[in-house]
Amino acid sequence: MHGRISQLFLINALTCGLEVCLAAGTIYIPPMLLEAGVEERFMTMVLAVGPVLGLIVVPLIGSASDSLRSKYGRRRPFIWVLCMGVLLSLLIIPQTSTLVTLLTKQQRHWLEVPLLVLAISLMEFCGQACFTPLEALVSDLFPGEEESRKAFSVYSLMLSLGGCIGYLLPAVDWTTSETVVYLGGQEAFIYFVLTFIFLACLMGMAFISEEQTGRLGEAEVCRRHENLKTCWCPCVAFPRFLFLRRTFSSLLSVVPRLYLLCSRMPKVIARLFVAELCSWMALMSFMLFYTDFVGEGLYNGVPSDEPGSPGRIRYDEGAGLSVIYTEKINLKNT
């Protein structure tokens with residue numbers, strides 16, 4: 001019993017850490033894009049790249065993880081890969097200009113914006129996609145109806161807690177600390193803290209076992225081996241080709257399967273889907289533009305000004321105040 005509770009704690013610790021990184025990281029993304037020179041009309045297009053990729057790739061990840069038979073488990077390999085993507089983006093985003101300067105020996109270069117956009121898209125995609133195998137892992141380890149309900153209640157609680165912590169971190173004024181000055185500003189300090197938190201939460205995945213899911217798949221694997229012994233196929237000799245063919249066929253079948261699911265959906269579920277879609281669209285639009293609105297519209301700040309200039313200081317003050325309001329909204333929703 002204690003082992004199962006500890007595994008539930010470790011899984012939800014990673015869930016909480018992932019939500020902390022997404023919540024705190026997303027707060028700084030619009031100002032950082034504007035500071036890098038991205039026009040406001042292109043800002044939402046940049047932020048949409050990750051979710052669009054997730055819409056296409058997440059069903060493939062779910063299908064691949066269901067059929068995967070690895071000594072490391074079915075879900076953990078995908079969780080590790082996606083978490084490495086989040087970790088890499090957390091390291092790149094605050095140091096984009098420094099990396100470009102090291103590569104090109106110039107203070108301002110056209111590579112800065114593409115590198116920042118790539119890192120942001122990677123964080124948005126990997127962060128959102130990682131929740132799918134995490135939820136599947138919770139479902140695998142707690143298959144019973146009652147224990148599954150309790151496990152997902154803890155999962156939802158830790159998800160909300162991660163959002164509260166993530167929105168609270170940027171709301172605190174860290175500029176008086178010497179570490180902030182050494183790292184190059186509040187944004188770099190926050191991303192450093194996020195990297196540390198995420199690494200600490202990620203280490204817990206090494207202590208999670210998927211023995212239960214492995215036993216469920218043993219019978220199916222044995223049947224497959226028996227079938228392969230009785231027949232010969234050119235694809236059997238080329239497992240990589242077989243994997244690529246399955247991946248490509250799954251990619252092509254995503255849209256027809258989605259259409260089939262939508263056409264067979266009950267009307268009540270369809271109305272619920274539309275309501276959920278509209279509410280999330282409104283919430284995400286509010287979250288993305290609220291920081292910029294307070295910084296530019298109310299405080300008359302200029303995000304593209306040099307650090308330390310009056311316009312930039314006013315913008316940073318407004319952005320910090322908007323984070324406090326966002327945290328209050330998140331606490332009320334929790």
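Positions of Cβ are set from backbone N, Cα and C atoms, glycine also.
TrEMBL entries are annotated by machine, without manual review.
These numbers come from a predicted model, not from an experiment.
Database features (TrEMBL):
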SIGNAL    1-23  signal peptide
TRANSMEM  42-65  transmembrane segment
TRANSMEM  77-93  transmembrane segment
TRANSMEM  113-131  transmembrane segment
TRANSMEM  152-169  transmembrane segment
TRANSMEM  189-208  transmembrane segment
TRANSMEM  268-290  transmembrane segment
Contact between the transmembrane segment (189-208) and the transmembrane segment (77-93) (at least 3 Cβ pairs under 8 Å, separation 6+): yes
Intrachain neighbours beyond the transmembrane segment (77-93), with Cβ under 8 angstroms and 6 or more residues off its ends: 14, 18, 21, 25, 29, 32, 61, 64-65, 68, 70, 99, 115-116, 119-120, 122-123, 125-127, 129-130, 133-134, 137, 191, 194-195, 198-199, 202, 205
